[in-house]
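Asker: This structure is in C-alpha cells; I'll ask about it shortly.
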Amino acid sequence: MSASRPRTLFDKIWDSHVVERLPDGTCILYIDRHLVHEVTSPQAFEGLRMAGRKVRRPDCTIAVADHNIPTIGSRVPSDIKEEDSRIQVQTLEKNVVEFGVPYIPILDVRQGIVHIIGPELGLSLPGTTIVCGDSHTSTHGALGALAFGIGTSEVEHVMATQTLLQKPAKNMQVDVSGTLGAGCSAKDIVLAIIGKIGTAGGNGHVIEYTGDTIRALDMAGRCTISNMSIEAGARAGLIAPDQTTFDFLRGRQFAPKAGAFEQAVAYWKTLPTDPDAHYDTVVRLTTDEIAPMVTWGTTPGAVVPVTGVVPNPADEPDEAKRAQMNRMLEYMALTPGQALQDVPIDVVFIGSCTNGRIEDIRAAAAIARGRKVAAGVQALVVPGSGLVKHQAEEEGLDRILLEAGFEWREPCCSMCLGMNPDKLTPGQRCASTSNRNFEGRQGPNGRTHLVSPAMAAAAAVTGRLTDVRQLG
Ligand SMILES: CC(C)[C@H](C(=O)O)[C@@H](O)C(=O)O
Ligand code: SF4
C-alpha cells in the first residue's frame, strides 16, 4: 500500500498495526491495549489455563470489575448477594493473580466502568489499537484510538498472542456542523445521528466524526458520541486527536511523560485524515437537526426531539417496520400522537459509560440545584469511576444532588443493565442517560427513555419527560 495515497485516520491506524495481511484481505492486527472486565473474561482465562498458555503481554493488559458491583452497601466481592455476579467478580480477582494481569481493585479510587477509566487514566491513547470484550469499547475512539469490542474467544486470542484477526472495515464520515442550541449536548448529537442513519446505518464501517460541532466538544462529549457508534451498527467510532485531546491526556497516570509526551504529540499530529482521503459513505448533519432528544421505542434509533410526539405506525409504509413500531409502542405503553412531554416517569438514572463523567454530573447538578426530585420518583446518580465521584464531591455536586433528593452512589455500570441490584421493576419507566433501551435492558419489563444528563435531571424534578430548555 503506497504511503502517498491520501488516507483516513482509520486507514493510518490500521496500516500501522497490520502484522500480516492474508489473501482474503483479513489482517492480523497488533493490539496495543487490552482492557478486561469480569463478564467476558472467565472463559478466556479458562481457555489459556487448559492450553497451558500465559497472558503474553500483561503489561499491555489491565483488568477492572464493573458490571456486577453493587453501588450501595458492601462492595467486597464475597458480600455480593447474586451468585452469578459474585462468581464473576471472584473469578476475575483469582485470574488476575494467577496470570499476573494488573488489576484495579474495587475499593481503589481509580475503579470504575472500563470505558470511563481508560481515557481517565491515560490508558487510551491516539493512534493505538484497543480491544475489550465489550461492545462499548468504541468509546475510546474519541481519543483517536482504533477501539473494537471483541467476543470472549477473541479475548483469549488477544491474551495469548497480543494480536487479533480482523477484516478491514469501510470508512464512514459523519460530519456535524453548526453551533449546538440551548439545552443540547453530545448525547443529543449522537441520538440525532442514530435517528437519521438508523441502527444499521454504520454496518461494516468505522465512523469518523468530523466537523466544527465535534471539534468544539470536550473529551467527555466526544466519548459520549464515540460510545454510541455501536448503536449505529458501526464497528468503531473515531475522532481525530487535536489540542483538546493532548491537553486532556497530559499528566494522566499511564500517558507518556515529559519528553516522551512531546514526541507522542508530534506523532499524534500526523494522524488526522489527509485532505482528499476517500470515505466510502458520507453523512452530514447540521445543528438545526439537533434538539434535546428522547427515545420513544426499544431501539436507540427510535428517537424524536422532546417537543415531538410518538410516531404513528400507520404512517410507516414498510410492513415489517410497521409491525416493529407497533410492538415497541405496546412494550413502551405509549400511543401514537402522544406528546413525549406528557409521559410520566418513575425512575431516573444518571450514569453509565455514555454519561457517567464529571461533565455529565455537572450538567445534572446544574438543573438539580435549588430544585427537588418530584414525589414518587427515584433518581440515581452513579459516577462512572471513583475519580469522577471524588472530583464531584470536591466540587460539592454530591451535596447539590442529595439536597434535591437524588441518590449518590458508588461507581459501577449500575442501572445501565440489569446485572447488579440496580434494576427497574416490571412496568417502571425510566429516563436514562445510558445507551440502550432494549426490552428488559434495565430490568425485566422495564421501560427506558434515553436522554442526556440535563434532560434526565429535568425529568427527575418534574416527574415526566421534560424539555430541559423550559427549566432555564
Ligand atoms: C456485558 C457486556 C458484554 C455488554 C457489552 O458487550 O456491551 C455490556 O457492557 C452492555 O453494555 O451490554
Ligand atoms: S455502563 Fe452499560 S454500556 Fe457501559 S459497559 Fe457498563 S453495561 Fe455496558
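The backbone N, Cα and C atoms fix where each Cβ goes, and this holds for glycine too.
Copied straight from TrEMBL:
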type: BINDING; residues: CYS353, CYS413, CYS416; note: [4Fe-4S] cluster binding site
type: REGION; residues: 427-447; note: region 'Disordered'
Asker: Other than its close neighbours in sequence, what residues sit by the region 'Disordered' (427-447), given a CB gap under 8 Å and a spacing of at least six beyond its ends?
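Answerer: Beyond its ends, the region 'Disordered' (427-447) has Cβ neighbours at 136, 187, 227-228, 231, 294-295, 297-300, 302, 331-333, 343-356, 360, 415-418, 453, 455-456, 459-460, 465.
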Asker: For CYS413 ([4Fe-4S] cluster binding site), what residues in its own chain, 6 or more apart in sequence, show a Cβ-Cβ distance under 8 Å?
Answerer: ASP66, HIS67, ILE69, ILE113, SER352, CYS353, MET419, ASN420
Asker: Would you count the other CB atoms within 10 A of the CB of CYS416 ([4Fe-4S] cluster binding site), including those on all shown protein chains?
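Answerer: Result for CYS416 ([4Fe-4S] cluster binding site): 29 other Cβ atoms within 10 Å.
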Asker: Enter the number of other CB atoms within 10 angstroms of the CB of CYS353 ([4Fe-4S] cluster binding site).
Answerer: 29
Asker: Tell me the residue counts in helix, strand and coil for the region 'Disordered' (427-447), as DSSP assigns them.
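Answerer: Split into helix, strand and coil, the region 'Disordered' (427-447) gives 0 helix, 5 strand, 16 coil.
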